Amino acid sequence: MNGVLLAIGVLLPICLASGALLGYAAVRLRVQGDPVAERVNALLPQTQCGQCGYPGCKPYAEAIAAGDRINKCPPGGEATIQALADLLDLEPEPLDAAEETPPRVAYIREAECIGCTKCIQACPVDAIVGAARLMHTVIADECTGCDLCLEPCPVDCIEMREIAPDVRHWKWPPPSPRLIASDRERAA
């Protein structure tokens, strides 16, 4: 019993001193981040796909905070551009792509898959499941359509397919501005 009390008596001051030193170092050596970049990063989809020309969402957020354009994120689409424009008090710009493509997901032809796991390693959102030397499959609800899994596949068994409109992926066409204006005129 005396040995236990002796060990506690020796270790307790060491732990308290180490904790105080770590707490002081955390406050004194704190790295200040850009609050605008952090808020922009929170709005980006976090797919880390690189389609914007930056290696991930955080570097793109830092570039936006430094003055880069807000319309380079295809996975985020128009909704992200609008949210960024509202945050930064800018005019929303059209998406910087040839055309806005319909949402797509990866599809693995399982009969051709050799189970190399290269696509699993490339997927930034862990939407591909499988084990070594066994076929893999894609969780469509998790897939962001970033295309990063296509290139590493040695047997080209992955393809991108458009998401067919169904109950979960339906888009109503927006009403025409003239219709909205005429409704307001009648209400007034």
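Note that Cβ sites are derived from N, Cα and C of the backbone, with glycine treated the same way.
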[4Fe-4S] cluster 3 site partner of CYS143, CYS146, CYS149 according to Swiss-Prot, chosen from CYS116, CYS123, is CYS123
Out of the binding-site residues CYS73, CYS113, CYS123, CYS149, the residue with the smallest number of other Cβ atoms within 10 Å is CYS113
Cα of CYS73 ([4Fe-4S] cluster 1 binding site) to Cα of CYS149 ([4Fe-4S] cluster 3 binding site), in Å and rounded, measures 18
Whole-Å Cα distance, CYS116 ([4Fe-4S] cluster 2 binding site) to CYS149 ([4Fe-4S] cluster 3 binding site), is 12
